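Participant: Dropping the structure in here first, questions after.
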């Protein structure tokens with residue numbers, strides 16, 4: 001019996017998980033998404049061609065991989081169908097859990113309307129309806145992908161839901177679709193998606209029993225976890241390794257190696273605490289060189305220095321076996337590079353994450369920069385200062401680096 005390896009982001013998302021998964025996919029039979037929705041975005045570069053994936057696992061770019069969208073994901077049929085249209089021959093290579101919850105048009109309308117009402121206190125969501133979809137799931141009023149197999153019945157259930165919540169929709173100025181419009185959409189979803197809908201948990205159990213190689217692909221980052229992130233500025237699902245198992249129906253004994261994906265600096269989209277944010281020239285330089293624009297939202301990411309306190313925290317949360325250090329090349333040409341080794345909090349120096357992270361100040365140490373690592377594929381060819389930087393990050397995080405990315409391209413990766 002084999003075990004499922006897990007790839008997990010350990011900052012605020014956008015760490016480069018897609019590139020790592022894409023690089024590793026050739027060694028796996030199954031690649032699986034476990035949580036989130038189309039608020040997540042993976043960018044993968046292959047031979048100069050850019051692929052942006054939001055719902056589909058990154059294994060879709062490898063013909064031998066079977067790709068699974070698990071029960072913990074909230075699925076927008078509209079978005080998924082559009083994404084599927086980019087690829088050929090998906091039959092037998094893509095499966096969607098019949099237990100995954102649906103993310104429908106009204107969810108995004110609710111999301112946008114509620115954010116608008118909050119004004120300056122808005123969370124800074126993607127507006128994709130992810131929170132409202134998970135809210136329906138927790139309230140036990142949601143609908144699941146398996147219900148698409150009976151579109152007439154699902155349509156009737158949704159119309160009843162809309163009528164029961166008519167006052168709520170009117171307050172948010174959201175127009176309720178007609179039964180005819182809704183049924184037409186559901187029938188279209190049914191026609192296209194039915195061949196892909198199945199019990200993916202049983203499929204994975206069988207795969208592990210048959211010693212197949214399985215990779216679980218995390219979405220977003222551990223600092224956005226609903227329980228362990230910077231609440232309330234978090235996502236609506238569990239983004240840590242334990243959540244990856246839950247979101248696919250696997251048990252803790254079925255977890256294999258856990259690899260944490262981390263940028264050589266730090267970024268964050270939206271509002272919320274971000275201790276190492278640099279609002280000056282260095283932060284702007286990182287943003288420009290790193291092309292730090294959100295894949296799903298098009299929003300500019302906030303940029304700053306490596307936060308070793310946060311990474312050490314998320315390394316423990318996830319039980320990491322190794323790190324994959326991404327976008328090291330973005331720091332090429334910096335004379336000095338900062339690392340946050342601790343925080344100042346209420347007059348004390350601390351090395352942990354308090355629940356009110358917005359009240360800390362970073363304590364930095366500086367290291368000498370380097371000229372260029374871009375495109376290097378051999379560790380021995382890295383500049384000495386880059387090697388020292390990597391060694392210091394390992395020391396502060398308490399986890400060894402196994403992979404180093406030196407450009408957006410798939411093959412520009414050092415494996416240690």
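Every residue gets a Cβ built from N, Cα and C, even glycine.
Keep in mind it's a predicted model, so treat the numbers as computed, not measured.
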Participant: May I ask you to find which of 200, 201, 235 Swiss-Prot records for the IMP site already listed with 14, 15, 16, 17, 39, 40, 41, 42, 126, 140, 220, 299?
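Facilitator: The record-listed residue among the candidates is 235.
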Participant: Please identify, from the recorded positions 19, 42, 299, the residue with the sparsest Cβ neighbourhood, meaning fewest other Cβ atoms within 10 angstroms.
Facilitator: 299
Participant: Within a 10 Å radius of its Cβ, which of these binding-site residues (43, 126) has the fewest neighbouring Cβ atoms?
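Facilitator: Taking 43, 126 as the binding-site residues, the minimal 10 Å Cβ count falls on 43.
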Participant: How many other Cβ atoms are found within 10 Å of the Cβ atom of residue 13 (GTP binding site), counting all protein chains shown?
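Facilitator: The answer is 30.
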Participant: Fewest other C-beta atoms within 10 angstroms of its own C-beta: which of the binding-site residues 300, 301 fits that?
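Facilitator: 300, out of the binding-site residues 300, 301, has the fewest neighbouring Cβ atoms within 10 Å.
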Participant: Drop a 10 Å sphere on every Cβ of the binding-site residues 39, 220, 406 and tell me which sphere holds the fewest other Cβ atoms.
Facilitator: 406
